[in-house]
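In what follows, a single structure is set out as structure tokens and then discussed.
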Amino acid sequence: MPGDKSTYLLWDSVSLLDTPGLPRGSPEITERLVFPLEWFPLNKPSVGDYFHMAYNIITPFLLLKLIERSPRTLPRSMIYISIITFIMGASIHLVGDSVNHRLLFSGYQHHLSVRENPIIKNLKPETLIDSFELLYYYDEYLGHSMWYIPFFLILFMYFSGCFTPIKAESSMPGVALLLVMPSGLYYWYLVTEGQIFILFTFTFFAMLALVLHQKRKHLFLDSNGLFLFCSFALTLLLVALWVGWLWDDAVLRKKYPGVIYVPEPWAFYTLHVSGRR
């Protein structure tokens, strides 16, 4: 329903569940500031891990509730497949991420590659290094792909139904404007830490193309569509500022070679913040 305050709160609930320190794949903030990892046995799940488990249950439920509010009927089979893949990807990431965070206590450094880490490169036999690289692959590549591709697909399918022929409905109420900034910050973290800049950019420009196409039919974004579109536009700006700020960082440049250079916040943290303590 256009302008429905509960829809904005539902959007913000999905974002909140996926922010650092809650169920998202980086529970370091919760563990460092509220429930430090050293308070718990390293061979048992931490508070951040339990948050992540809750996320794997609650967020798919919220996404389904969000889809129910879509003004148009969306392909049910596609939604189910996306949700199942999303849960599987987030679960793969949970396991890999949990192990990787415990490696920090042994001197693992996020701003270095697996083979360049001091605690990894001298392992014997050397086949153990391949096992850690496999773990990293499951965590950062396979898990993220199975997690984020269906997530953004669901968002785009929902967005495709957020159009109205009444131009007066193409505006956001005050509560939505207040939530754009935290929503944009959330997606900034998702794009940078999740290393999904290409996926995010593709989704954003697909949304832009859809807006221009629908405008020819005299259809306009409703308040929910405007909220998501403005959040994505703000995210793109924040990512550009983040990359520009760290453009000349030689160490991060080495870890993120190639044309697309988007450093992870936790790589920046382990390189420039935790190293000074």
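Sequential numbering from 1, following the chain as shown.
Here the Cβ of each residue, glycine as well, is placed from N, Cα and C on the backbone.
Taken from TrEMBL as is:
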type     : residues : note
TRANSMEM : 50-67    : transmembrane segment
TRANSMEM : 79-96    : transmembrane segment
TRANSMEM : 141-159  : transmembrane segment
TRANSMEM : 171-189  : transmembrane segment
TRANSMEM : 195-213  : transmembrane segment
TRANSMEM : 225-247  : transmembrane segment
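For the transmembrane segment (225-247), same-chain residues at least 6 beyond its ends with a Cβ under 8 Å from one of its own Cβ atoms are 8, 11, 155, 158-159, 162-163, 170-172, 176, 179-181, 183-185, 187-188, 191-192, 197, 200-201, 203-204, 207-208, 211, 261-263, 268. Through the fold, the transmembrane segment (141-159) approaches residues 25, 63, 66-67, 70, 74-75, 78-79, 81-83, 85-86, 88-90, 92-93, 96-97, 190, 194-196, 199-200, 203, 206-207, 210, 225, 228-229 of its own chain, all at least 6 residues removed from its boundaries and within a Cβ separation under 8 Å.
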